[in-house]
Amino acid sequence: MNKTVNQKAWFLVLPVLILVAFSAVIPLMTVVNYSVQDTFGNNQFFWAGLEWFEEMLHDDRMWNALKRQLLFSGIILAIEIPLGIFVALNMPKSGFWSSFCLVLMSLPLLIPWNVVGTIWQIFGRVDIGLLGYVLDKLGIDYNYTQDTLDAWITIIVMDVWHWTSLVALLAFAGLKSIPDAYYQAAKIDQASRWKVFRYIELPKMMGVLMIAILLRFMDSFMIYTEPFVVTGGGPGNATTLLSIDLVKMALGQFDLGPAAAFSLMYFLVILLISWVFYTVMVNLDKKGM
Amino acid sequence: MAKITLDNLAHSYKPNPATEDDYALKELNHDWVDGEAYALLGSSGCGKSTLLNIISGLLTPSQGRILFDGKDVTRAPTAERNIAQVFQFPVVYDTMTVHDNLAFPLRNRGRDEAYVAERVNEIAKMIGMEHMLKRKARGLGADEKQKISLGRGMVRKDVNALLFDEPLTVIDPHMKWELRTQLKRLHHEFGHTMIYVTHDQTEALTFADKVVVMYDGRVVQIGTPEELFERPEHTFVGYFIGSPGMNVIPARVEGATAHVGGAEIALGQGYGALSGKVEIGIRPEFARLSQSEGLPVKVRRVEDVGRHKIIRADMFGQEINIIAGEDDRISPDMNRVSFDASQVNVYADDWRVQGAAA
């Protein structure tokens, strides 16, 4: 078969190329540009090479933020994934209440992040917030602005409140795709509830759960708005996660070079962890868990 | 193994069935004899799967009782009935090996591993999968998966009944034959009560001792393949079984003669006055095309299907089929059809009327 050569076809691809260039490539390259130079304002640039990268790699500040970040993502995944599955398993499968639950569950997902942060910021306040006030009256010493543990608990509960629905909805979609015959066969085989979950429901949900884990990992690893609104990274640096630290460095201190190097490494870490996740899970899937 | 009794059984998917039309399964009384192989035959939506699910306990009937060996199990859950069922589409536990799949029903019932291994090997041999026992079920083809489902259904020796819900739909034609033969052999060997749902007449007729033909939520005839062929109790049975099905021709019946479009057809038996819609039914196998004998027909076309020829013809504006031998010569001047009088059945309102010797 002869292929027709038609150079005009390039014009059809051009709009996409321009769009991608302006939305992703050029901004990213700007960051690369900053990361290898030093600037003192007045648009004066000096070549710095890999200096900023080296400096950041030896800086405890970034490592600590990374540790906090990994801890945060790990905890919310460990809570949201099982909880989401549990919720999905207990949702009505069809009829009015099923739709009702779906709408109810979607609600937190529709609230802008900033608003979620504000809601919890107020909710947890000891003077006027319902949660903070009640805890205080119950005699529990709770103050997210001063106590590290309280601050962590608050942002974790907030994230669980905000995002468990997503996991539940995905898991529910996976459950809905299981034909009735599987449950009937399990009844006939006298399988226990646990075995139905372990050998029918979980394997059938694996595909969507993989997506859920990846999405939740990436999102939580990049989280900024909600903890920033609630704790502002405090008390001290206790809840200063990677993006909060990055913004402090870039816009607070205007250290553009180190911040650019930081961003690129941040980006690579997300890419790397997501890739590892994906590869491991695809392999698990192939082996049939 | 058990005798299964259906007592006044009926089912409707609607909450408050009013008319008979609301019932997916109309009132039914029947004994499934212990150790027989039955086929439930009917077109889609005739209620055969509904009936099967009621027997297996996946569905609770809206009326009537079901008894296993005289014990009422109408409200008993599936697990208590000790039956095995194989579904239309393969149900396998993807993450388990073939061995674990087959062992699953036994392990869930707490049988010891030595017995489990022995049974699994036996069944694996029967379904021809002994070399695959270590493989994961995921990634196997549809017919291999269905063989696992069949195997899982047969692995327990003590089941009250084995139910099959169109189990061979997804299987390759040559495998179908083999599996059906194995099922039959298994039946002879262990004498399980088997109920096999299908819409394929060949499957039903070759598998079963007795075929239960269902139509529109009703059992229209229960009989051996031979009975269904020679004496269809309902025009649907005549039409559904046989290829092509029975010729059903509107007629006026007087004594031992049927009048069709002014011509007369001799009947093997005499009939009294019949009311309602009267028809005669003749299987194409018992009609003969000739030059001189019988009623005038106009031949439309002749189909050679290999074993025999099917002649599609017009008789008084009514299409009829005639089967002729593969070696019979069909010439253009053959324009008469005659019928074997003893094989002509008479139907009033679709149900067969028993005549008296003429």
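Glycine is treated like the rest: Cβ placed from N, Cα and C.
These features come from TrEMBL:
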type	residues	note
TRANSMEM	A:12-36	transmembrane segment
DOMAIN	A:66-277	domain 'ABC transmembrane type-1'
TRANSMEM	A:70-89	transmembrane segment
TRANSMEM	A:101-123	transmembrane segment
TRANSMEM	A:151-175	transmembrane segment
TRANSMEM	A:196-218	transmembrane segment
TRANSMEM	A:264-284	transmembrane segment
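Taking every recorded stretch in A:70-89, A:101-123, A:151-175, A:196-218, A:264-284 and counting its Cβ pairs under 8 Å to the transmembrane segment (A:12-36), the highest total belongs to A:264-284. Sequence-distant contacts of the transmembrane segment (A:264-284) (same chain, at least 6 residues past either end, Cβ-Cβ under 8 Å): 31-32, 35, 53, 56-57, 62, 66, 210, 213-214, 217-218, 221-222, 242-243, 246. Proximity of distant same-chain residues to the transmembrane segment (A:70-89), defined by a Cβ-Cβ separation under 8 Å and at least 6 residues beyond the stretch ends, is recorded for 105, 155-156, 159-160, 163-172, 174-175, 197, 201, 205, 209, 212-213, 216-217, 220-221, 223, 241.
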